[in-house]
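Feature annotations, courtesy of Swiss-Prot:
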type	residues	note
DOMAIN	3-49	domain 'F-box'
REPEAT	128-160	repeat 'LRR 1'
REPEAT	162-187	repeat 'LRR 2'
REPEAT	188-214	repeat 'LRR 3'
REPEAT	234-260	repeat 'LRR 4'
REPEAT	278-309	repeat 'LRR 5'
REPEAT	324-352	repeat 'LRR 6'
DOMAIN	358-410	domain 'FBD'
Amino acid sequence: MNCDRICELPDSLLTQVLSYLPTIDSVKTSVLSKRWEFLWLRVPVLDLKVSDFPDENYASFIDNFLEFNRKSRMRKFKLKYDEYTYDDDRLAGWVVTTVDRGIQHLDAKGFETNMCVREFMPQNIYKCNTLVSLMLVTVGIENPEFVVSLPSLKIMHLEDVWYYDDPLIMEKIISGCPVLEDFVLIRPIDFCNLDVLQFLRVRSLSLRSFRLTFEYSVSCTYFSVEIDAPRLEYLNFNDDQSDTIVVKNMTSLSMIDIDSEFNVKFGGSRLEPGDLRKRDIIRDFLTAISCVRHMIISRRTLEVLDRYSKLVPIPKFDNLYRLQAAVSRSMLQLLLVFLESCPNLENLILDFTVSTEPEQDGLTYVPQCLLSSLECVEIRELIMGEETGEKLVRYFLKNSVVLKKLILRLEDSSIANQDSDIFKELSTFTKRSRSCEVIIIH
């Protein structure tokens, strides 16, 4: 589209186009012509990084923009601070103004100038009928003094956010979000021994996607998490600190990404035969997610399940058709034990790590899925010539009855021209499924 065609467009359409640009780029269009000089000021979006401004000119820029649009509704307000500039006094005021003007998308990213200082958001964010998405990073939120009402909020992302006054503040907020679908919560590291959601309760009838990250705590505080979301389809669970984990009503769960030690090793007690409480927590968690169809599981989670499986059997995952697991040479027997709990598995992806740990005993046991359902295996980060990796390849070729495809992703790109030698070596391996195709990817 040439310049003449663009100039024929109405102002309403041009401002809509400019709304997809960062404000600093939208301003640059003011030099195009007299018509464009103030057009950017009518864009209902303010998207800024303070690093784009010299000194503290960004503050007066925002004030002037909001003053010019005093009678206009705001669609989006996005402000990102950096380590050199952080205005503790103005952010909350700007949020008040934009919320009062019917903001739909609010994105505020603070910065830690002092590890134990946060600017707290105004309470009018709890009574915003128009807010659709809310992202808060490195700020604070207070206990609402009234019933939360966010009837339009569908997306909420809270990262490194401090919470004062009430350990159940998150339950109050979520209860006021009747259409919330996507929730990300990354708990802050409590260097200052402040409350960082000791009791996290996520109860929602609308939630479809939830990502929880809580990796590290320096205090000896007791933490617990409860998730009750019958419509949840995706769960990313990365929590190493909670002593109590309750997950229930996961009947809609389709995909889960687990990276957790269940407080078994780091910062917690080891899983011993007499530790019935911790064992039951793991059992109830696995049982609650047993309807899942697609699972990604980390190496350290598998290591915890190795201990668990020596005490009681791992629950069955009858619906699981796709599994991605991180394994090393010392975990191959554990992998087979876990695969036995996946009787209908069709696709298996292994992120293989060559470690210095001793290799476990030979691969002799054959899980049910290899005999009846497993159609595709992908092994990543393989090093040709490495003994354990080759054993793994031999094992799947020898024991997979209905295998259609074996994909080998090689780590060493220096052997890219040696495919013929690799295929020649693979041709000596016993192949249970005659229709199996071996694919090598560098």
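Cβ atoms are placed via backbone N, Cα and C, with glycine included.
Distant neighbours of the repeat 'LRR 5' (278-309): 235, 244-251, 253-265, 268-271, 315-328, 331, 334-335, 337-338, 353; these residues of the same chain sit at least 6 beyond its ends, with a Cβ under 8 Å from one of its Cβ atoms.
Taken residue by residue, the domain 'FBD' (358-410) breaks down under DSSP into 18 helix, 13 strand, 22 coil. Across the repeat 'LRR 1' (128-160), DSSP classifies residues as 0 helix, 12 strand, 21 coil.
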